[in-house]
Amino acid sequence: MHRYGTALVLGRGRSGRAAEALLRSEGTVVYTVCEDLTPDYRYENLHFDPDVAIVSPGFSLEHPWVKDLVEHGVPLRSELELGWSRRHCPAIAVTGSNGKSSVVKWLADALTESGYAAVPCGNYGLPVCAAVMLPDVPDWLVMEVSSFQLETVHEFYPDIGVFLNILPNHLDRHRDLKTYCDVKLRLFAQMREAGTAVIPLDLFQTLEESCAAAHVCKTFGLQEGADYRFEAGRVGEFDLRGTYFDNEVLGAAAAAVAAVWDSCGLPREALEEATRRFEPLSHRMQLVAEIDGVRYVDDSKATNMAAMCAALRMTRGRVHLIAGGRPKESDWSFAKDLLAQRVSRLYLIGEACDAMQAAWEDVTDCAACETLERAVAAARESAEPGDTVLLSPACTSFDQFSSFAERGEVFVREVTRLTDCVARRRKD
């Protein structure tokens with residue numbers, strides 16, 4: 001990607017600031033706009049015609065500012081693509097609906113264990129523009145790539161591209177599942193002859209044509225016939241027994257990681273060591289405490305139904321599920337069988353409370369708690385030794401919290417209070 005004389009940056013969040021810093025370091029004249037600080041921005045009020053507009057992930061193609069730029073013929077590029085175009089090392093890119101951040105962290109940890117300087121970046125870790133400006137040039141970029149970032153890429157291609165899964169998500173932005181999938185597939189559109197595509201076996205027929213540009217296509221999954229198959233705690237000789245990934249949900253991701261690792265041509269020992277040491281990311285199936293034999297697990301990052309279902313499949317024993325918030329989806333039916341099998345009681349919070357209760361009260365006991373604090377207290381009263389109290393909301397947090405992280409922190413705070421109460425009781 002060539003250098004620019006002038007540029008307009010949409011957004012002043014982490015991605016926008018990183019793009020602005022990179023462009024200014026190259027001598028580009030940059031004007032940055034955001035809805036909070038420049039709400040009256042209009043293209044016709046600019047004092048120059050920008051060579052490019054760098055679009056932060058929060059701006060959809062339907063945003064009036066983006067449409068205006070398209071009408072004026074200004075090329076759109078994502079911060080992801082701008083940073084990638086300035087890289088000096090190979091890039092691994094991971095996309096999918098669920099599990100991206102954990103896979104990116106796992107790969108970066110394993111590469112570091114092998115003695116390489118690996119930087120997690122993109123939607124997790126540093127913005128890509130910040131990663132390529134680090135004083136020490138990394139050996140690998142390991143990028144989490146979202147559909148929002150892929151909307152405005154045109155030349156981007158990874159050396160190794162991973163498509164983990166596709167499940168209904170962000171349909172408020174992408175209209176339908178096909179559009180969402182098509183955007184994700186832009187990951188492979190420009191791949192070079194030396195590139196490797198890693199895709200689920202059960203999506204091979206759907207994705208095969210989209211991966212045609214890749215030199216090598218490897219499949220993974222739980223099914224017989226996958227190039228890399230998770231079965232009985234192993235992916236071939238890669239032993240995952242007793243690790244965080246030893247389950248049917250994360251086992252498929254482990255198979256994808258094994259495919260990536262072999263594509264890098266690196267010995268398995270470092271990957272196995274990184275797997276044993278892996279610590280889950282905050283608010284992703286994170287054990288907070290065990291109180292009187294009841295486990296309290298924070299999965300606040302589960303902002304869609306598929307992620308909630310994955311959490312239920314990963315949890316052993318009876319589950320007291322805390323769910324709700326601002327919903328992304330309206331069809332709650334596909335979770336009913338799993339809820340009936342795994343959930344002892346459901347504690348509902350936020351805007352989705354009434355809709356979830358109406359959809360699920362015929363398969364499990366439901367308690368309308370409204371707030372997370374009340375839900376934790378109610379679950380404490382009902383749970384018995386061997387049970388798990390699981391926060392896995394299946395919704396965004398924006399009705400009651402600023403982010404999924406804040407929601408998770410409130411859950412941790414409430415569980416910590418329970419722990420303190422139990423400790424005082426025992427002391428007395």
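Cβ atoms are placed via backbone N, Cα and C, with glycine included.
Unlike curated entries, TrEMBL annotations are predicted automatically.
Annotated features in TrEMBL:
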type	residues	note
BINDING	Gly96, Ser97, Asn98, Gly99, Lys100, Ser101, Ser102	ATP binding site
DOMAIN	94-228	domain 'Mur ligase central'
DOMAIN	283-395	domain 'Mur ligase C-terminal'
Residue distribution over DSSP helix, strand and coil in the domain 'Mur ligase central' (94-228):
47 helix, 29 strand, 59 coil
Chain-mates of Gly96, Ser97, Asn98, Gly99, Lys100, Ser101, Ser102 with C-beta within 8 Å of site centroid, ATP:
Val94, Val103, Glu144, Leu164, Asn165, Ala253
Look at the binding-site residues Gly96, Gly99 and tell me which residue has the greatest number of other C-beta atoms within 10 angstroms of its C-beta.
Gly96
Return the count of C-beta atoms lying within 10 angstroms of the C-beta of Ser102 (ATP binding site), excluding that atom itself.
24
Take the domain 'Mur ligase central' (94-228) and average the pLDDT across it for me.
88
Listed in sequence order, residues with CB under 8 A of Lys100 (ATP binding site) and six or more positions away:
Val94, Asn123, Tyr124, Glu144, Val145, Ser146, Leu164
Within 10 Å of the Cβ of Asn98 (ATP binding site), how many other Cβ atoms can be counted across all chains shown?
23
Neighbour count, 10 Å Cβ-Cβ cut-off, for Ser101 (ATP binding site): what number do you get?
18
Taking 10 A as the limit, how many CB atoms besides its own sit near the CB of Ser97 (ATP binding site)?
21
How do the residues of the domain 'Mur ligase C-terminal' (283-395) split into helix, strand and coil according to DSSP?
39 helix, 35 strand, 39 coil
